[in-house]
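A.B. asks: Below: one structure in structure tokens.
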Amino acid sequence: MVLIRVLANLLILQLSYAQKSSELVFGGRPCNINEHRSLVVLFNSSGFLCGGTLINQDWVVTAAHCDSENFQLLFGVHSKKILNEDEQTRDPKEKFFCPNRKNDDEVDKDIMLIKLDSSVSNSTHIAPLSLPSSPPSVGSVCRIMGWGKTIPTKEIYPDVPHCANINILDHAVCRAAYSWRTVANTTLCAGILQGGKDTCHADSGGPLICNGQVQGIVSWGGHPCGQPREPGVYTKVLDYNDWVQSIIAGNTEATCPP
């Protein structure tokens, strides 16, 4: 059963996250407070919805299936219980989706570009991450991060984001794991073949970081997460670079790859 990684756990003054289909980083360790400066939280009155990535001071990229009404974006967060002095909150001014996205497939062209209502200032805990300049090769070690589940079968979410290293896998691995549905060419297959490390509930929309660039967006994967030979499927950001750059430049009629 495939899970789309988005969340809905309560915020209760502490914010609780979303799942791969909103999932959490399973098998990871608490991130260093300075290693997730580009990581963004999408949240509303119910709690954390998804992750996202700051790509410049005015724009965030996340998963299209993370779209929700009345959400805000939070920058510079580490602990749900202890505020960083440089945390910043913004509203979405505009949201952009691929115009050729299939309405009946929640994870088709699973990318959403968000223009902020005002610029975010770089600070100790806030900085953008570069878009990819070239694709990651099979075997590359990449970083995942988020406030998703740390135990796949239990509603347990961490106070600080967890991080883990996983590998880029051949697309054939994901196609074999999920033979009952299409694994698009515009995605990346990533995980650990033996299982044990994966994005999970509440991690949707967050980054797959390879060589210091946002190469992927958490989209979907196996359920429960972290199972052997059931890696995660990530939107391949490189394939959407032209669309992203066109939208940022003001060409709102730009289309995405088929």
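Quick reminder: no glycine exception, Cβ is built from N, Cα and C everywhere.
So Swiss-Prot has the following annotated:
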{"type": "ACT_SITE", "residues": "HIS65", "note": "active site, charge relay system"}
{"type": "ACT_SITE", "residues": "ASP110", "note": "active site, charge relay system"}
{"type": "ACT_SITE", "residues": "SER204", "note": "active site, charge relay system"}
{"type": "DISULFID", "residues": "CYS31-CYS163", "note": "disulfide bond"}
{"type": "DISULFID", "residues": "CYS50-CYS66", "note": "disulfide bond"}
{"type": "DISULFID", "residues": "CYS98-CYS256", "note": "disulfide bond"}
{"type": "DISULFID", "residues": "CYS142-CYS210", "note": "disulfide bond"}
{"type": "DISULFID", "residues": "CYS174-CYS189", "note": "disulfide bond"}
{"type": "DISULFID", "residues": "CYS200-CYS225", "note": "disulfide bond"}
{"type": "DOMAIN", "residues": "25-249", "note": "domain 'Peptidase S1'"}
{"type": "CARBOHYD", "residues": "ASN44", "note": "N-linked glycosylation site"}
{"type": "CARBOHYD", "residues": "ASN122", "note": "N-linked glycosylation site"}
{"type": "CARBOHYD", "residues": "ASN185", "note": "N-linked glycosylation site"}
{"type": "SIGNAL", "residues": "1-18", "note": "signal peptide"}
A.B. asks: When the Cα of CYS31 (disulfide bond) is compared with the Cα of each of the active-site residues HIS65, ASP110, SER204, which one is closest?
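C.D. replies: Closest recorded candidate to CYS31 (disulfide bond) by Cα: SER204.
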A.B. asks: Between the glycosylation sites ASN44, ASN122, ASN185, where is the Cβ count within 10 Å the lowest?
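C.D. replies: If we count Cβ atoms within 10 Å for the glycosylation sites ASN44, ASN122, ASN185, the smallest count is at ASN185.
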A.B. asks: How many Å lie between the Cα of CYS210 (disulfide bond) and the Cα of ASP110 (active site, charge relay system)?
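C.D. replies: Spelling it out, the Cα of CYS210 (disulfide bond) and the Cα of ASP110 (active site, charge relay system) are 19 Å apart.
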A.B. asks: Can you give me the Cα-Cα distance between ASN122 (N-linked glycosylation site) and CYS50 (disulfide bond) in Å, rounded to a whole number?
C.D. replies: 21
A.B. asks: Which of these recorded positions is closest to CYS174 (disulfide bond) if you go by CA atoms: CYS50, HIS65, CYS66, CYS163, CYS200?
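C.D. replies: Nearest listed residue in space: CYS200.
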A.B. asks: Relative to the Cβ position of SER204 (active site, charge relay system), how many further Cβ atoms are located within 10 Å?
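C.D. replies: Its Cβ has 37 other Cβ atoms within 10 Å.
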A.B. asks: What same-chain residues, at least 6 away in sequence, bring their CB to under 8 Å of the CB of ASP110 (active site, charge relay system)?
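C.D. replies: ASP110 (active site, charge relay system) has long-range Cβ partners ALA63, ALA64, HIS65, ILE217, SER219, TRP220, THR235.
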A.B. asks: Going by Cα-Cα distance, which of the disulfide-bonded residues (CYS142, CYS189, CYS200) sits nearest to CYS98 (disulfide bond)?
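C.D. replies: Among CYS142, CYS189, CYS200, CYS189.
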A.B. asks: When the pLDDT values for the domain 'Peptidase S1' (25-249) are averaged, what is the result?
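C.D. replies: Per the prediction, mean pLDDT sits at 95 for the domain 'Peptidase S1' (25-249).
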A.B. asks: Within its own chain, what residues at least 6 apart in sequence put their Cβ under 8 Å from the Cβ of CYS189 (disulfide bond), listed in sequence order?
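C.D. replies: Set apart from CYS189 (disulfide bond) by at least 6 residues yet with Cβ under 8 Å, we have ILE168, LEU169, ASP170, HIS171, VAL173, CYS174, VAL183, PRO231, GLY232, VAL233, TYR234.
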A.B. asks: CYS66, CYS142, CYS163, CYS225: which of these disulfide-bonded residues has the highest Cβ count within 10 Å of its own Cβ?
C.D. replies: CYS225
